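S.K.: Relevant sequence annotations retrieved from TrEMBL are reproduced here:
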type	residues	note
TRANSMEM	B:20-37	transmembrane segment
DOMAIN	B:20-246	domain 'ABC transmembrane type-2'
TRANSMEM	B:57-80	transmembrane segment
TRANSMEM	B:101-126	transmembrane segment
TRANSMEM	B:138-160	transmembrane segment
TRANSMEM	B:167-186	transmembrane segment
TRANSMEM	B:221-243	transmembrane segment
Amino acid sequence: MTVIEVQNLAKRYGETVAVRDVSFSVEPGEIFGILGPNGAGKTTTVECIAGLRTPDSGSITVLGSTAGDPALRSRIGVQLQESELQDKITVREALELYSSFYPNPADWRALADDLGLTAKLKSRFGKLSGGQKQRLSIALALIGNPEIAILDELTTGLDPQARRETWELISGIRDRGVTLLLVTHFMEEAERLCDRIVVIDKGAVAALDTPAGLVERTGNEQRIRFRPSTPISDELLTVLPEVRELRRNGPKIEVVGTGNLLHAVVSVLARNGVVAADLTLEQSTLDDAFVHLTGKE
Amino acid sequence: MSVFTKLTLTEFRLTLRDPLYAFFTLLFPVLLVLILGNVPTMKEAPPELGGLRVIDLYAGLALGLAIGIIGLQGLPSVLATYRERGILRRLATTPAPPVTLLAAQLVMNLVTVLVSMVLVYTVAILAFDVPFPENPALFLLAVLLNCAGAFSLGLLLAAVAPTGKTANAIGTFLFFPLMFFAGLWVPRELMPEILRRIGDFTPLAAGQDLMTDALMGQSPALLSITVLVGYLVICGAAAIKLFRWE
């Protein structure tokens with residue numbers, strides 16, 4: 001059974017087309033990522049799923065109901081971009097208040113504990129750091145014991161340390177059996193957390209795959225840099241079927257290729273009595289895949 | 001406890017945490033009565049006032065001041081800020097619809113006015129012999145209608161102002177002339193005819209007239225009631241039609 005089914009979603013604001021044609025489905029218990037450049041239509045897509053906007057055409061089914069059905073609001077937790085609280089409300093008051101909205105809320109004390117907010121229960125929202133605000137926001141998205149949690153640009157504006165802590169949390173949320181829909185434009189975040197990713201570009205699906213699958217689409221290009229202990233000719237390496245390109249940069253050589261490139265290069269060098277010093281290997285990342293798919297840096 | 005009660009109590013707590021707002025809506029009107037009550041000329045009863053002393057009028061004006069501050073400055077800027085900061089949007093994703101928060105704000109502000117009313121009139125009656133309203137039920141109705149006029153204007157402001165800051169600026173801009181027409185600087189009864197006529201059609205002045213009528217036990221002016229109900233219906237409907245949730 002799929003948890004979310006989006007079919008041929010389209011949405012425009014006046015003359016601006018936000019989403020042209022987006023389809024995907026999310027399976028129970030997975031962390032599903034929506035990746036794309038700014039303005040690609042990611043947020044509009046999740047807002048339609050959350051029932052905040054009505055699609056112009058196409059259909060969205062969430063937990064067996066049409067998106068926007070008020071009954072879904074107690075079954076979906078949503079953390080929206082740029083959605084704050086009153087400056088003077090304390091963490092405890094917010095948790096208590098929001099848990100009173102739901103028929104079957106989670107224990108807010110345990111939730112605060114899981115999210116590292118226990119020491120901050122008496123603090124006012126306006127006094128919290130960016131990371132603490134974000135964790136409270138996640139707590140509020142989870143407080144109704146939702147079956148699905150939608151988290152939009154979760155770690156934008158956080159420092160690297162807070163970002164890593166938030167990632168830990170997300171993995172923990174999946175262990176509760178919650179299906180997660182994650183909107184992001186951070187490649188590292190998507191690569192580390194998501195089971196599957198849909199890449200949206202200019203309002204349409206550019207690719208839908210696992211992070212590894214997306215990387216493979218770039219041809220799994222690898223890049224080796226090293227300094228040979230004795231001079232070698234280009235031909236020594238360019239004859240190898242794995243090598244596509246060879247560049248020299250002062251005493252350093254850079255080899256670009258695919259397949260088992262490292263093994264092939266090192267073997268040839270060894271056979272010729274050459275030692276590769278300062279050797280580094282760079283493999284394609286989701287970043288490369290993203291650039292490859294959307295043509296954007 | 002229902003979601004609505006819980007939201008209203010939370011709004012109360014948050015409002016009281018703003019010392020300046022609590023001061024101007026709850027303490028300042030009482031202070032005003034205390035200070036003015038000790039000015040000798042305030043105890044005089046000029047013939048234009050039809051038997052009332054100046055201080056009797058100013059007790060009502062002090063309450064009108066609280067209603068003006070709450071309706072024109074507090075309510076619109078808080079609601080516009082709630083929209084600006086995405087608080088209404090966040091609520092829209094929960095089982096508690098954002099309109100509940102609007103209702104909680106209105107009720108909270110109405111109760112603040114009633115508390116202010118009790119404070120102002122307790123001090124005015126005990127300390128300065130201001131008469132207890134001849135018609136208490138009509139007086140309460142007059143206070144509620146005064147709130148209806150100011151609050152619906154405030155709601156319309158909240159509906160159209162892009163940010164909390166703009167809402168506050170427009171509210172303050174409206175507050176002074178409306179308080180002027182209500183008679184804060186010169187009692188309406190002592191104003192030139194033309195200013196009084198204009199004032200008849202402004203919300204705080206119409207509310208003030210109704211409160212004075214009830215205080216003296218006169219039958220309420222139909223014009224004042226019509227004007228206030230008119231503000232409620234027209235501004236209220238416009239606010240509902242124009243209100244943006246994000």
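Placement of Cβ uses the backbone N, Cα and C atoms for every residue, glycine included.
Unlike curated records, TrEMBL annotations are generated automatically.
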S.K.: Sort out the residues at least 6 away from either end of the transmembrane segment (B:167-186), same chain, that have Cβ-Cβ distances under 8 Å to it, and list them.
M.R.: 57, 61, 64-65, 68-69, 72-73, 76-77, 79-81, 153-154, 157-158, 161, 195, 198-199, 202-205, 207-208
S.K.: Taking residues 6+ outside the transmembrane segment (B:57-80), which of them lie with a CB under 8 Å of any CB in it?
M.R.: 15, 21, 24-26, 28-30, 32-33, 36, 42, 49, 102, 105-106, 109, 112-113, 116-117, 120-121, 124, 128, 130, 143, 146-147, 149-151, 153-155, 157-158, 161-168, 170-172, 174-175, 178-179, 182-184, 187, 189, 204, 207-208, 211-212, 215
S.K.: Other than its close neighbours in sequence, what residues sit by the transmembrane segment (B:221-243), given a CB gap under 8 Å and a spacing of at least six beyond its ends?
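M.R.: Distal contacts: 145-146, 148-149, 152-153, 155-156, 158-160, 200-203, 206-207, 209-210, 213.
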S.K.: Quickly jot the same-chain residues contacting the transmembrane segment (B:101-126) by Cβ under 8 Å, restricted to those at least six beyond its ends, or write none.
M.R.: 4, 7-8, 10-12, 15, 25-26, 29-30, 33-34, 37, 55-56, 59, 62-63, 66-67, 70-71, 74-75, 78-79, 82, 87-88, 91, 132, 143-144, 147, 151, 155
